[in-house]
């Protein structure tokens, strides 16, 4: 829950001086990206801006305290303030902030700006007390905020010092409106107005001016002069002389003498006790101070001018002026040291009653009350964990003695989950083993099962599927149905292990169970994970359309639950890119891979390896080897600077080996083959992929026999495990082996099998990537006119893509080739005496490549009737009557020129 007072603009009091000269300057604030108000404490920053904000409905106000250095807390309040200003316009950003479903503050702000792009009226956000922010991550995010905020948005920052927000750059570009302490200082006229409103008897203008000069227009000093004069019935000028030259760092003695020592004991104790509260209301005051009517007491303190300010329009929430509050808390530690723990305990109890466990934890920690802290955590820790209050939980658990954790083992489990969320896998097992050894008495079976569920998750994350499976099964055998979270974890892990083992049907069933449980209990990250796993399994089974539909459900879940900035979102867009690539939708595949990189923009560059691999794949499928080489340079640098799962390495090696194949780089392939480890098994898609990489390198090096052994074994495993997509890939590589080793009949046989299987998988790019060797075979099959209709259609599509992307459209019939052909001693006399025009040679090349008349017209951007004329002319010059004759004639010319066709 968010504390309402932190989002309420301070109430404008009747007796405050309206700063007309400053308000006039602020009237043009909407023309600037940043309004910055800086000064030491007590110069009236908040009062001035609250006067300026009066009447502005589309303005959000966020009052900071020390706890706002937590990124998640800062984000939640900032988005909530903007929601107040816009009347709930940014609902997606709000949901992401509330559920902590964003990768970083900058990515959350990027989503916010997408929503604000549809907001066209002036909009303001005030952040008060920004000097309390010391977290560099928040500073970086706010610099991003200022760079990218909409033109109609003005950020207003109040701070005691110059914030780290790139101020100089804004100043140079005239996008900064500044007000400092010299401008905030009261002038003579304002000081006279102030005293006239605060003192019972007026003073002369000259005396008022002298007092203003004595304290350099410092508003807090003027307020203290008026307060002291009222309390001590002395002249205001006497107080002014005492304050002359004083500053905030020397104010403590004055406040003791002139404020605390001049109130009755009851009020003094009230001030000291209530000061421990960062914000306060009636219920908190009653519990902390023991006063019977907290609201009435707060209003009385406010009337006395004791630096108490209302934080909302209803008058329910109050806070002390920061300067006075800090002074009071320091005095409280000195004067009420013995009572202080009990005061904090009372505050914690009241915050708990009002439903603010994080504030309660703050006071329990301050009280040093381990038992109270333990009780709060036992009741609320998992809720805080699910809302990503990880830093607060870690601080709290560190404050508890180990013995207390052992007496409450679920807190040990919580600490272990915190470690798991930070990828500290070895520490998780060490902690759980120590706890099991030291817990007194027989350990509860259910708790032991929860330990095992967590251990199973750690094991699979750490690349140990056998141990993960053992632990997941143990957990599921012992966990009651009501322990849904651990059951979801264990079921998910078991399904993932079966996926790794190639048991796809059972794995799919378990992942579907995981999804159902996770949706039922609103555990959305596991629901998303299970959908991603289901899609991968369906892809491996060769059911790419089913995989597409599962991905659509996952994208819908992301949209509904605002999961766009979870790292898992990158996993989803990546497998979508893989599917699009398989279907030769290369532009969409590339866009999807780039969106995955964008999701991971705030993570280590190594996390982008998989998406970068897909970008290389897209370049290779297009035949753009220059771009592929540039991307491979980046990829190989990442490979040399990180440790990766074997799946990641297999995919990265795949594009490297294909690049070496397309460029004939046998040296690199041989070096890689010498050093790459050979997996012990081939029972899942990534192990199959790495063995396929090995076979491709062997084929490139002419090592046909060992490559054939590898591929035959891969096919046997793929058929037995129903890894149909891998079987399709294996057949295509086996086809290349047979073709290059001169076994043309075997090559044709497996190519026909691959085309038939592609009716199920929909593969296109896997054929295209093999280039001209594949094109030659497909032309022959098409010419035979014996392919079934679906295979014939697919072969024609593949051939079109090869011609389009691998630059074979005119490769054999360009100007240089034609010139060499005409000078060849064996060129037919008919061609020498009636040479084709360059356009007719292009048309002949496209006919040879399998293009229809309509496709040739589209390729050359001319009318179909024009193409018919070109075809009629070239038929006449070649002395042929039919298309098939023209294809055979072109083939003979290519053979004559030394091209293997």
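Cβ atoms are placed via backbone N, Cα and C, with glycine included.
The feature DNA-binding region is assigned by Swiss-Prot to 853-872. Per DSSP, the DNA-binding region (853-872) is made up of 17 helix, 0 strand, 3 coil.
Its Cβ taken as reference, residue 41 (ATP binding site) is surrounded by 21 other Cβ atoms within 10 Å in the chains shown. Annotation source Swiss-Prot lists ATP binding site at 39, 40, 41, 42, 43, 44, 45, 46.
What Swiss-Prot lists as domain 'HTH luxR-type' is 829-894, and the listing cites sequence analysis. Mean pLDDT across the domain 'HTH luxR-type' (829-894) comes to 85 in this model.
Contacts of residue 39 (ATP binding site) defined by a Cβ separation under 8 A and a same-chain sequence distance of 6+ are given as 45, 160, 180, 181, 184, in order along the sequence. Annotation for residue 46 (ATP binding site): spatial neighbours 10, 128, 158, 309, criterion Cβ-Cβ under 8 Å with sequence separation of six or more. DSSP assigns residue 45 (ATP binding site) to a helix. Each of the binding-site residues 40, 42, 44 was scored by other CB atoms within 10 A of its CB, and the lowest score goes to 40. Shown are the binding-site residues 43, 45; of these, the residue with the fewest other Cβ atoms within 10 Å is 45.
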